[in-house]
Amino acid sequence: MKKMQEPIEDPLSKLTQYSGKTFVIKYGGSIMKNKKAEEAFIKDVKYLRKLGINIVIVHGGGPEISRWLELSGIESRFVDGLRVTDEKVIEIVQMVLSGKINKKLSLQFNIDGVNAVGLSGVDNKLIEATKKYVYKGNETIDIGYVGKVTKVNSEFIKELLKGGQVPVIAPIGCDNKGNVYNINADYAAAFISSALDAEKLIILTDVEGVYRNINDPQSIIHEIDIKDVNYYIKEEIIKGGMIPKVQCCASAIENGTKNVQLIDGRNDHCLINDILNYRGTIISYRSGVKCQKAI
């Protein structure tokens with residue numbers, strides 16, 4: 001059980017510097033299972049909006065997709081962390097992400113006084129995509145209706161932000177032929193963040209950040225310059241499922257995002273507390289941000 005935290009008192013002086021800026025937040029499916037953390041997250045977003053910070057949310061939903069596939073008698077299969085998505089699976093993916101999670105989350109925001117609009121990437125061609133393949137040596141693996149983002153309708157998002165809305169986006173993409181694709185939420189959030197030249201991309205995870213040694217809580221790396229990402233991967237400091245996550249964060253910075261922060265979404269009021277205290281792992285071009293150890 002993660003220790004719950006109270007929001008830091010009077011954070012206004014630190015957060016007002018971001019007024020008028022845009023934060024893109026990736027809200028993971030594994031975090032949604034923590035009801036108290038979800039409630040605190042919604043309140044944090046409400047507070048940031050009151051300060052004039054533009055918020056865009058891209059949500060996942062992997063655990064819920066797996067649950068509905070199991071209920072439908074369909075086995076969940078993955079290749080390099082990507083869900084194999086055939087015609088039956090993509091129907092369930094759309095149902096869960098666009099019809100269930102997206103609408104529930106946007107409804108919760110509106111109930112709590114946040115003007116939010118739930119969207120799928122197919123709405124107004126918000127997320128355009130093309131079919132993604134996995135390559136292993138000389139082998140090309142077809143994983144079905146899994147897509148990679150090619151274009152984001154950033155003007156549409158900006159208009160929503162100007163209208164005071166919080167776009168809540170399900171990572172479903174489409175192409176000009178009418179195909180619909182399942183897109184990794186980390187990659188969708190990174191692409192959207194770059195398209196908006198966002199001040200921050202915040203990735204909510206189920207760990208405190210990137211560790212030198214996953215078994216040592218004190219070994220968290222508080223800041224990574226993107227020029228060091230490949231070194232950390234080569235040395236297997238960054239490994240497993242954290243590799244694509246950090247790579248897409250680095251790509252976001254290379255394409256316009258100011259910095260990326262990976263924080264533990266299980267902590268109560270993580271969005272406020274961790275931004276203020278530079279907790280988690282910050283990925284950026286520079287090495288000038290003073291980071292504190294998580295407490």
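Cβ coordinates are placed from backbone N, Cα and C, and glycine is handled just like the others.
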Annotated companion of G61, G62, N182 at the substrate site, Swiss-Prot, chosen from R77, R83, R212: R83
Pairwise CA distance, K26 (site 'Transition state stabilizer') versus R83 (substrate binding site), rounded so that it is a whole Å: 18
Binding-site residues compared (G61, G62) - highest count of Cβ atoms within 10 Å: G61
Most distant Cα pair in Å, residues G61, G62, R83, N182 binding substrate: 12
Largest tally of Cβ atoms lying within 10 Å of a Cβ, found at which of the recorded positions K26, R83, K245: K26
